[in-house]
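Record features, source Swiss-Prot:
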type: BINDING; residues: CYS46, HIS69, CYS156; note: Zn(2+) 1 binding site
type: BINDING; residues: HIS47, THR48, HIS51, GLY183, GLY184, LEU185, ASP204, LYS209, PHE224, VAL271, MET273, SER296, VAL298, ARG343; note: NAD(+) binding site
type: BINDING; residues: CYS100, CYS103, CYS106, CYS114; note: Zn(2+) 2 binding site
type: MOD_RES; residues: THR205; note: phosphothreonine
type: MOD_RES; residues: THR250; note: phosphothreonine
Amino acid sequence: MTIPDKQLAAVFHTHGGPENVKFEEVPVAEPGQDEVLVNIKYTGVCHTDLHALQGDWPLPAKMPLIGGHEGAGVVVKVGAGVTRLKIGDRVGVKWMNSSCGNCEYCMKAEETICPHIQLSGYTVDGTFQHYCIANATHATIIPESVPLEVAAPIMCAGITCYRALKESKVGPGEWICIPGAGGGLGHLAVQYAKAMAMRVVAIDTGDDKAELVKSFGAEVFLDFKKEADMIEAVKAATNGGAHGTLVLSTSPKSYEQAAGFARPGSTMVTVSMPAGAKLGADIFWLTVKMLKICGSHVGNRIDSIEALEYVSRGLVKPYYKVQPFSTLPDVYRLMHENKIAGRIVLDLSK
């Protein structure tokens, strides 16, 4: 395969809205030590990409930036020292691009909180380009049974909600409450939870999302635009409160309510990060009910392998729509307006 010197990429030079995204010709990078060059075939679009564009997180992003961190493609070149991967391997490029491998966190398989972590599409250029640099240690090998367009959303959305469900400590037959259940992460969380024998209370709005999450195994769907008292509705559905809550909604109000959904002794896992959102937990009831709050922003390398295994076995099926790469600005607009059910996957060939 001939690798070109230049390629098309979606670049933004300043923070702002979809109009700031420009399709430009940029150089194809050379893989360095322990790196590979991946020809990206498909990439998902995540809400984190919107935060990177808008610049509304306290973590600064590099500028100019090529966003994207749900890439699936083929290794076309390997850098010095790479033995794990070879040309032709099908791999995924994730939010976590690399970590140091030597700190106390990496040594405990907690590389997601490595102080030297590099993030695809945020601190380093990501997957909104035809050829992307990936760290050979962190690139995830995609099973042959999983199509690349299916694997793309798993690289962030799937891994993230799978790890968060593990953090919830919810056991078989117990209730997990998922605000934001109809979105890109949420519809996958419903499926992973079902595959892990949890019972699901899904919170979102709209008949299309209700139908979607019920088809994936949610026992209860609560529409936040129709329920007069969401906390009481969750308690009624679960006979006293959920054994765990997974907050995936991008609405700050979800965090104001989430502690109220909880059964005594349960765990609330914070995943989504709406700009400026605060946790609305009454300290008295947090203490008396012995509630636990756990942050979980992404999974590690073994979580990535396990998350793909569920897909390979047919237990999890991303709900997605493939669109041309050229439609990325429109996807940002729809995402900002909360009008996307499931995931949008971009075809880099179009």
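Yeah, the Cβs are placed from backbone N, Cα and C, and that goes for glycine too.
Feature map: annotations from Swiss-Prot on the structure.
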residue : record                : Cβ contacts under 8 Å, 6 or more apart
CYS46   : Zn(2+) 1 binding site : HIS69, GLU70, TRP95, CYS156, ALA157, GLY184
HIS47   : NAD(+) binding site   : GLY183, GLY184, THR250, SER272, MET335
HIS51   : NAD(+) binding site   : TRP57, MET273, ALA275
CYS100  : Zn(2+) 2 binding site : CYS106, CYS114, PRO115, HIS116, ILE117
CYS103  : Zn(2+) 2 binding site : CYS114, PRO115, HIS116
THR205  : phosphothreonine      : GLY182, ASP223, PHE224, LYS225, LYS226
| field | Output field, Zn(2+) 1 shell: CB within 8 Å of site CB centroid, site CYS46, HIS69, CYS156 dropped | value | GLY44, THR48, ASP49, GLY68, GLU70, LYS94, TRP95, SER120, GLY121, MET155, ALA157, THR160
| request: Going by DSSP, give the three-state secondary structure for HIS51 (NAD(+) binding site). | output: helix
| remark: Taking the centre of the Cβ atoms of CYS100, CYS103, CYS106, CYS114 as the Zn(2+) 2 site, the remaining residues of that chain with Cβ inside 8 Å are SER99, GLY101, ASN102, GLU104, TYR105, MET107, GLU111, PRO115, HIS116, ILE117
| said: Test of understanding: give the count of other CB atoms lying within 10 angstroms of the CB of HIS69 (Zn(2+) 1 binding site). | reply: 29
| said: Give me the count of other Cβ atoms within 10 A of the Cβ belonging to CYS106 (Zn(2+) 2 binding site). | reply: 19
| Listed binding-site residues (CYS156, MET273), ranked by Cβ neighbours within 10 Å, top entry | CYS156
| message | If you count other CB atoms within 10 A of each CB, which of CYS114, VAL298 wins among these binding-site residues? | response | VAL298
| request: Would you identify the secondary structure of CYS100 (Zn(2+) 2 binding site) according to DSSP, in three states? | output: coil
| remark: Long-range Cβ list for ASP204 (NAD(+) binding site), cut-off under 8 Å, min separation 6+ in sequence, same chain only, gives PRO179, GLY180, ALA181, GLY182, GLY183, GLY186, ALA210, VAL213, PHE221, ASP223, PHE224, SER249
